[in-house]
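Report on one structure; see the data block that follows.
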Amino acid sequence: MAAKEVKFASDARDRMLRGVDTLANAVKVTLGPKGRNVVIEKSFGAPRITKDGVTVAKEIELKDKFENMGAQMLREVASKQNDKAGDGTTTATVLAQAIVREGAKAVAAGMNPIDLKRGIDLAVGTVVKDLESHAKKVSANSEIAQVATISANGDETVGRFLAEAMDKVGNEGVITVEEAKSLETELETVEGMQFDRGYLSPYFVTNTEKLKVELEDPYILIHEKKLSNLQALIPLLEQVVQSGKPLLIIAEDVEGEALATLVVNKLRGGLKVAAVKAPGFGDRRKAMLEDVAILTAGNVVSEELGTKLENVTIGMLGRAKKVIIDKDNTTIVDGAGNKADIDARVSQIRAQIETTTSDYDREKLQERVAKLAGGVAVIRVGGATEVEVKERKDRVDDALHATRAAVEEGILPGGGIALLRALKSLDGLKAANDDQQSGIDIVRRALRAPARQIAENAGEDGAYIVGKLLEGDDYNHGFNAATGEYEDLVKSGVIDPAKVVRTALQDAASVASLLITTEALVAELPKEDTPAPMPAMDF
């Protein structure tokens, strides 16, 4: 086991505080509409230019191991905030730095760190209640666009696209962000359920211009196993032909004689038919086929469930208004499923999302919810250079998360003003002792930090602006750093999602409390490089 170096008490906290300051000072310059850029060196390719706080935080690694511990704990604030709300990482970092600085001073002055932590927790709980009581629900398309525009650092095109995407696929829908191959940013939406399996044979194509299979009002056969011959299906196929409706077959695979028979029937015009492979693999495939069955009011034909192909009747097939298949994807539009059944299935998948520990599983489950409950939208981000595209993609990702958060918990005035206005809620707060009261005062001072930093990044005197704002009583009245005006921030579109502000404060206080109550640091000593022994000399 390698030898360790141990630091105690104020020496430990001072080292960590240096690391916290290094990381926070690099991150906080990006805060606000007039935030500065940070240029990050890459081991290959062009350097990366960003205004995204979490991207900067993730790149910082310090040489001194003890300082690095402080920086890494602060990086944890940014990462947590990014995972929970997708935005507000810089605000969380600024708040954490302010709480740690004040807390370290208080501990150095002889106060009890545990009581300080209790005071901080008490104050944060009170502020969170105040924020929740002032949050305004978001529903209008224009308000959603405003939130998205702010999170994308004032890019109105992104705001408009995101509002449009959420309008089309709903809050549950999947919105993915990709890099475009062109200069323009564009939005593509898919209504209904789409899965990444194309037609099994180009002979199924009905629209030769677009090379797509388009089936109007088809029956849908959902089969779990491979189909290699159609003998068992002949009675069912005859019923489908008599109904005059097309047929879509979804199975693990359709091969050999079965595929040849279907193609021949399609070409002769006897049966309008198409076949695709089932989506997913293993247990996920079974679950996705069940999703398709519920969406289309059909049954999965599976021997595990006791149904055999020869016993399938036309009533066991799914129905949909339209099915569109290209060489890569199948889209089922407007399935005939019962809304109550679909809602029950969505609730069931949501329960699985709550309990799963795997990020990959969670992502796949969320996609399934979206396909059942909403739709899928893809925003393709364009730009003149690779660096520009990457930077814009970061901003669109931020804006997407922030917009979702706004719809979830409502909005507050932006520019750090909601935290400033929350100072009033701490006025009547009484602590059990003086040290806890100091904890409350630490939060009181920290709440001013984001508004001050936004003003300073815009080239203004932060302390003066915060003082001026605290003179007024109007909750929404604040300093618009983009224009340099004092105005009603909600009316002028400077808004923050309540969830972003709330989680920023909670995560910052959580990590800052850990740093304040740290009494010892342990790190490995660097290994001494022993020179290699000289080879023996042969005389």
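Yeah, the Cβs are placed from backbone N, Cα and C, and that goes for glycine too.
Feature annotations, courtesy of Swiss-Prot:
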BINDING   30-33, Lys51, 87-91, Gly415, 480-482, Asp496  ATP binding site
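Feature annotations (Swiss-Prot) mapped to structure.
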{"residue": "Thr30", "record": "ATP binding site", "contacts (Cβ under 8 Å, 6+ apart)": "Arg36, Asn37, Val38, Thr50, Lys51, Asp52, Gly53, Val56, Thr90"}
{"residue": "Gly32", "record": "ATP binding site", "contacts (Cβ under 8 Å, 6+ apart)": "Gly415, Gln453, Ile454, Ala455, Asn457, Ala458, Ala481"}
{"residue": "Gly88", "record": "ATP binding site", "contacts (Cβ under 8 Å, 6+ apart)": "Gln81, Ala402, Asp496, Pro497, Val500, Val501, Thr503, Ala504"}
Secondary-structure category, per DSSP, in which Asp496 (ATP binding site) falls: strand
Packing count at Lys51 (ATP binding site) (other Cβ atoms within 10 Å of its Cβ): 21
Fewest-neighbour residue among binding-site residues, criterion Cβ within 10 Å, set Gly415, Asp496: Gly415
Ala481 (ATP binding site), number of other Cβ atoms within 10 Å: 25
